[in-house]
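Here is what TrEMBL records for this protein:
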type     : residues                 : note
BINDING  : A:62, A:64, A:142, A:212 : Zn(2+) 1 binding site
BINDING  : A:66, A:67, A:212, A:270 : Zn(2+) 2 binding site
ACT_SITE : A:66                     : active site, proton acceptor
């Protein structure tokens, strides 16, 4: 099953060097979760052949323009594309007012319904759940209220080992095997030991998104052991004081968080417009946490099962 | 003196085929007037090497997203670029609320002051005036309140013909020449006839911007004899009924307006996303009004004196 993150925007406050404001698309099976939606996201979606109408859930970390100013345009475009399905938007207090004010003045009555969920900022909160996965928010440490998001697949079922499965096995027995039970006869004797004819469940994967935040170890419990962590790294280490002042992080701070959290793979992004060449970002982060990549627009990171 | 219109965005409701939402930059001497500001305008400005901080006056025709959704991002970027100069924004009722609501929730106190001017929609109104030119609004016929804008250079002074100017002429006499007076001696005799030693004033140029509108001849008095007219042409003629229904215009309708208004040059744009190839737009419009061009992003139209 797919579990793939596509980067649509990678830059911070002002677009520069062909890099756009923050937006990411996480695809998990049939889900297309949009995470932040900077200005121009609808154009980036189109550029990378991602269908806007497949997005049903949009998570906005905070109300700085580089993280949400593409949302209104995307909402209008979904309307023009004759969207009918409900749209679920998770964002900070104020986002609903910003959207409904603009719908009012454009005299637009949408073809579809939007469900707004106002994020809490003092705790982790379950935002979404289905058979496949959960999405939780968790608080970040930024200048204004800001949340990270944790996408976590649920435990997966035991798999049947088709090469070892007896031919005469019944549906009821298959049900037992999937529950982890052995196959027993009427007298209670074990005919087949579960572990002999099954394979362990595929791995449940997690993606942790840490939008704008200063270095803060209090996020570690939320993101620990994530398969993939995105952590902002707005500045190189030389700008550590400025990062602290602006509630942002440096390369090595992001990498330190990744290392302490025991994640498998770190993506950094949200680059300051002052930097054209990003190779020092990668070098600095890798010096602390080797398995680091740069968030690069149009590129996807697939998390294997 | 320059009088040059640069197209930053040329498409209508949804971006398509590399075409962006409406935005134009009119440069008249040191003025950089931004006319409409669709999503991504700040990126287009950067792409075409136009400096955002040189823009002091922004004219927003109406509150459909494809005409203003880039404004908030541009305002934030001007702030981050340490703008100090006042910014003047002319727009429909609601625009100020949309902007101030977003400034509030992002906890942003701008480095500079914005002056909002709420457009009237039942008359033409003087929006801006200085020594060089005036800018008037005029009502258009769209689904929601919408204005066009007329940029008009003021009459220019009589020019001295340096080749014919007597060497012994005084400053006072030059003053008289510029007022159109002859040079006379103390007895009232004409020493030099004004027209013999001066040249006529350079031409005063006008640009008329007709944003979203259905075909409506009532705009003719406002735009008559314009040197350059932009008139929206969202659809080809085959979609005339749909144009009427959506309060937009077709190619031949735009060209008919240009012809009836006696303008010198017509630019058409605001193309529907249903069209990839724009050559039929040009052909249809030219069949009615020969001096027509397609609004093309990155291209400039210079109006000669």
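The backbone N, Cα and C atoms fix where each Cβ goes, and this holds for glycine too.
Recorded features from TrEMBL, shown on the structure.
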residue: A:62; record: Zn(2+) 1 binding site; CB count, 10 Å: 26
residue: A:64; record: Zn(2+) 1 binding site; CB count, 10 Å: 25
residue: A:66; record: Zn(2+) 2 binding site; CB count, 10 Å: 27
residue: A:67; record: Zn(2+) 2 binding site; CB count, 10 Å: 28
residue: A:142; record: Zn(2+) 1 binding site; CB count, 10 Å: 21
residue: A:212; record: Zn(2+) 1 binding site; CB count, 10 Å: 27
residue: A:270; record: Zn(2+) 2 binding site; CB count, 10 Å: 29
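In sequence order, A:64 are the binding-site residues among A:64, A:67, A:142, A:212, A:270 whose C-beta falls under 8 Å from a C-beta of chain B. Residue A:64 (Zn(2+) 1 binding site) sits 13 Å from residue A:270 (Zn(2+) 2 binding site), taking the Cα positions as reference.
Looking at residue A:212 (Zn(2+) 1 binding site) and residue A:270 (Zn(2+) 2 binding site), their Cα atoms lie 8 Å from each other. The two recorded residues, residue A:67 (Zn(2+) 2 binding site) and residue A:142 (Zn(2+) 1 binding site), have Cα atoms 13 Å apart. Of the chain residues outside the Zn(2+) 1 site list A:62, A:64, A:142, A:212, A:61, A:63, A:67, A:140, A:143, A:144, A:146, A:211, A:213, A:247 have their Cβ within 8 Å of the site's Cβ mean position. The Zn(2+) 2 site, placed at the center of the C-beta atoms of A:66, A:67, A:212, A:270, has further neighbours from the same chain whose C-beta lies within 8 angstroms: A:12, A:13, A:21, A:22, A:36, A:38, A:61, A:62, A:64, A:211, A:232. The secondary structure of residue A:212 (Zn(2+) 1 binding site), as reduced to three states from DSSP, is coil rather than helix or strand. On the backbone, the CA of residue A:62 (Zn(2+) 1 binding site) and the CA of residue A:270 (Zn(2+) 2 binding site) stand 14 Å apart. You'll find the Cα of residue A:142 (Zn(2+) 1 binding site) roughly 14 Å from the Cα of residue A:270 (Zn(2+) 2 binding site).
A helical conformation is recorded for residue A:66 (Zn(2+) 2 binding site) in the three-state DSSP classification.
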